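Taking it in order: structure first as structure tokens, then the write-up.
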């Protein structure tokens, strides 16, 4: 399909294909959401300065587009994105066919000057390029706010009107305007929007089969068409980029004090230099975007991150009141020789340092079910404190501990099997014992736990299952499962 226009237009090399125009239009439509996203990210860091700009983004973008597009139309003959695709805009001659092929071949320079956009044509094109897209965005936004919810209610069999939208007994001018505006969005704008897109489709099809010179109905209204840049256009653009030739008056002006390096930063020189540099910024930004897409999609970045983390020996986080890793390493070796390959049995092994009592909830004053602190030895460093198996899909909690994603997800939701067994009295949580430094309290709690496990007595109302809390520390996890982060080990 992309060669069809070329076969039909073998005698008109300056007429672009429809696919070139669609690619240019697609690039032009991608600029506003991209800039809005970058501005939103920057607003999160500096909301004091950028929040108002983000709230008025459509107006600010329309104003900047007006300045940039006017400069490119006057100097390069096309819009910012059209210049990137080597396209331009020119007037259509009032001849029979609107074409002068002989003059185009014999005198391309004078033909270019005669078809160049005049000042009135520049403002007409600015109305089409900036004004109509701005009005379209505002109407689409207003339709999504005022008309789309009611339309969905009607389709689902809901109420057909909203009494709050009726005019009050003595309405003001603003209330009358908003009432008429909402009525237009609900009753007229859907048909108007359909006619807008159907007219563009009709002109695109007519342009594809060489039945019209205009690819858009708005270009037909202002008498402007889009063409490829000719050799005369490239020569004129090269002269503009090189700068105007120096005259004796300009040379004397440059020789004045302060007109050298500081003259480059004057508003008269900085304005065109800044706008001209956008010609190089657009392809550079596209290349950077494609590079970032490849970087995140490929496995190369993961390999580099994995190599960087292999050399780091990050110790486990220490919580106040728990046994430090240095004290755990000082255990007698005879106590750990029962089953060194099983991390579950290692947690059950007795030691001279007893575990502290479980944390107490500040709201319900009930003990919170937690799991023991993982051992600090290198063999069990990559094991999950909850399931005591090798880490699968490692996920970090806000407290700094790393668990299996399935374990921490079900734990925060209160659905883990260890929590269910503990609260039902089926067991003490596989490897958990509520010991403490106090012998009397520890024996009493241990006896109560063991008796509850033997008799199958439920612990509901006497314990908290740890739902929404860190399994090791018992601290509340802000955001629940939304606060979890994947890590690379």
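Cβ from N, Cα, C; glycine included.
Within the model, the topological domain 'Cytoplasmic' (46-49) shows a mean pLDDT value of 88, rounded to a whole number. According to Swiss-Prot, the topological domain 'Cytoplasmic' annotation covers 46-49 (among others), on the basis of similarity to another entry.
Among the features that Swiss-Prot reports, topological domain 'Cytoplasmic' is placed at 157-172 (among others).
The topological domain 'Cytoplasmic' feature in Swiss-Prot is assigned to 309-489 (among others).
Positions annotated as compositional bias 'Basic and acidic residues' by Swiss-Prot: 326-342.
Sequence annotations record features per position, and here Swiss-Prot assigns zinc finger to 384-444.
Among the features that Swiss-Prot reports, Zn(2+) binding site is placed at 384, 387, 404, 407, with the record citing similarity to another entry. Within 10 Å of the C-beta atom of residue 407 (Zn(2+) binding site) sit 24 other C-beta atoms, taking all shown protein chains into account.
Annotated compositional bias 'Acidic residues' per Swiss-Prot: 433-442, in sequence order.
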Given the Zn(2+) site 384, 387, 404, 407, its other Cβ neighbours within 8 Å of the Cβ centroid, in chain order, are 385, 386, 388, 389, 391, 392, 403, 406, 408
Taking DSSP H, G, I as helix and E, B as strand, the topological domain 'Cytoplasmic' (46-49) contains 3 helix, 0 strand, 1 coil
For the binding-site residues 384, 387, 404, the largest set of other C-beta atoms within 10 Å encircles the C-beta of 384
